[in-house]
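Pulled from Swiss-Prot:
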BINDING   Cys177, Cys182, Cys188, Ser418  [4Fe-4S] cluster 1 binding site
BINDING   Cys203, Cys207, Cys210  [4Fe-4S] cluster 2 binding site
COMPBIAS  109-127  compositional bias 'Basic and acidic residues'
DOMAIN    189-407  domain 'Radical SAM core'
REGION    92-154  region 'Disordered'
SIGNAL    1-25  signal peptide
Amino acid sequence: MHVLTPSLYIYAFFIVCVRLKCGRSKRVANAKHATYDMPPKGLRVRDMLEKTAQQNCNQRKRGKCRKFFFLWKMDKMGDTHLGGQANGRKNLLRSESATDEASLGGNPLKEKLKESPANWGKDKQEEQQSTDRLPLPKVGNKMPEKKPDWFHVPAPTGKKYNELKADLKKLKLHTVCEEAQCPNIGECWNIGTATIMLLGDTCTRGCKFCSIKTSSKPLPPDANEPFNTAKAICEWDINYVVLTSVDRDDLPDGGASHFAKTIELIKFSRPEILIECLVSDFQGNVDSIRKLANSGMEVYAHNIETVRRLQKFVRDRRANYEQSLWVLKTAKEINPLLYTKTSIMLGLGETKQEVLQAMADVRQNNIDVITFGQYLRPTKNHLNVVEYVSPQMFDYYKEEGMKMGFKYIASGPLVRSSYKAGEYFMKNLVEQRRGVKLHAEG
C-alpha cells in the first residue's frame with residue numbers, strides 16, 4: 001500500500017495548476033484565430049443606441065416596431081456575425097417590413113432615422129414657434145409709445161354727473177364705471193345711464209386686465225342692496241339699466257339669488273324698464289344660471305373677454321373660453337326669449353383670424369349681440385397694451401359680424417360691454433320691430 005507523503009501532495013497540486021494554465025492559454029490562442037459567433041465588443045455602443053431609439057418609438061403596434069429594429073440591426077451588423085442564414089432572413093424581413101409600411105402608409109420612424117437627429121421633432125417645434133412668435137400681453141411689458149388721438153376724452157363733469165354720483169354715494173351703491181375706471185363715465189352719467197355693481201366692490205377672482213379690488217374672503221353682501229338699487233333706478237329717468245357684479249365664488253350660488261331679488265324689486269316698481277345683467281359664469285352652476293334666466297331680465301350678458309389663445313394670459317384661471325360660451329348657450333336654452341350678449345377686448349395681441357374665429361364660435365352658440373372695445377391698461381400693475389387697434393379695424397369686425405347673423409354689434413375703440421347699452425340695443429330693437437310691422441302692413 002502506497003502512502004501519500006506531503007511532497008506528493010505538493011507535486012499533484014503543481015501539475016493541476018500547470019494544466020489549468022495551459023488550457024486557458026490554448027483557449028485564448030484559439031480565440032484569436034476563431035470566427036466569432038457573437039457580435040464584437042464594439043457593437044455594444046450600437047446596441048445602446050438601438051435601445052434608446054426603441055424607447056422613443058411611438059408606433060402603436062409594437063410588434064412591427066421590434067421587427068423593424070431587428071432588420072435595422074442586421075443591416076448594421078452584416079452577414080459576418082449571422083452565419084449563412086443571414087441573407088435569407090434579411091430578405092424575408094425586408095419584404096415583411098415593406099408590406100407593413102405600405103399598410104401603415106409608410107413608416108414614419110424609418111424616415112425619421114434617415115434624418116439628422118437635430119431635425120427630429122422639427123415639425124412640432126415649428127408649429128410651437130409659430131404660436132410663440134405671436135405677441136402676448138404681460139405685466140410690465142413695454143407699451144406703445146403714444147396713445148392715438150381718438151382716445152382723448154374730456155374729464156367727467158356736468159350737473160347730471162354730479163347728481164348721479166351723489167345719489168350713488170348716499171345709497172352706498174357701487175358702479176362698474178368707477179371701479180373699472182371706464183373712460184366713458186362722464187358721457188354715460190350725463191345722459192342718465194349707469195351700470196350698477198351688486199354684491200359689493202371686491203371680487204374673488206384676479207383677472208389681469210381688471211382694476212377691481214380682489215380678495216378670497218370679501219365682506220358678505222349687503223342685505224339692503226337690492227332695495228337701495230331698485231329705489232335709485234326707479235327715481236332716475238331711465239328706460240334701460242345694466243346690472244353687473246363682481247365674481248363671488250365664495251357664495252353657494254355665486255350671488256344669483258341676490259341678482260334675482262334686485263330684478264324682482266325693479267320690475268315690481270317699474271315693469272316697463274328693460275334690464276340687462278352682466279353676470280359671472282357661476283362656475284358653471286346650472287341652478288344659478290336658471291335662476292337668473294327666469295328672473296325677468298331682457299338681456300343675459302357674460303363676457304368671453306378675449307380670443308381663445310389669450311384666455312390664460314388675460315383671465316383668472318377659474319374662467320375659460322368654453323365655459324363662458326356654454327353659460328350663454330345654456331341661458332338661451334332655458335329661456336329662449338332672452339337676448340344673449342358678450343364682449344371682446346382688442347389690443348392684447350390677438351390676430352384678425354383669431355378674432356373672426358371667436359366671432360364664429362360666439363355665433364355658433366346662438367349669442368345675439370357682441371361688442372368690441374380697445375383694452376386700456378388701468379395701472380402699471382396690469383397687462384400692457386400690445387397695440388392700439390384702428391377705428392377702421394373695428395368697423396371691419398362689425399361688418400363681418402353682421403354677415404355672420406348677429407342681431408347687433410357695437411364696435412369702437414371706446415366701446416365697453418355696457419357703454420350706451422340702452423341706446424345701442426334699444427335703437428336696434430326698435431328698428432327690427434319697425435321692420436316687422438312695416439312688412440306685416442305691406
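Heads up, residue numbers simply count up from 1 along the chain you see.
Positions of Cβ are set from backbone N, Cα and C atoms, glycine also.
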Within 8 Å of the Cβ centroid of the [4Fe-4S] cluster 2 site residues Cys203, Cys207, Cys210, which other residues of the same chain have their Cβ? Arg205, Gly206, Phe209, Ser211, Ile212, Thr214, Val246, Asp247, Asp316
For Cys203 ([4Fe-4S] cluster 2 binding site), what is the secondary structure state per DSSP, taken as helix, strand or coil? strand
Taking every residue in the domain 'Radical SAM core' (189-407), what is their average pLDDT? 91
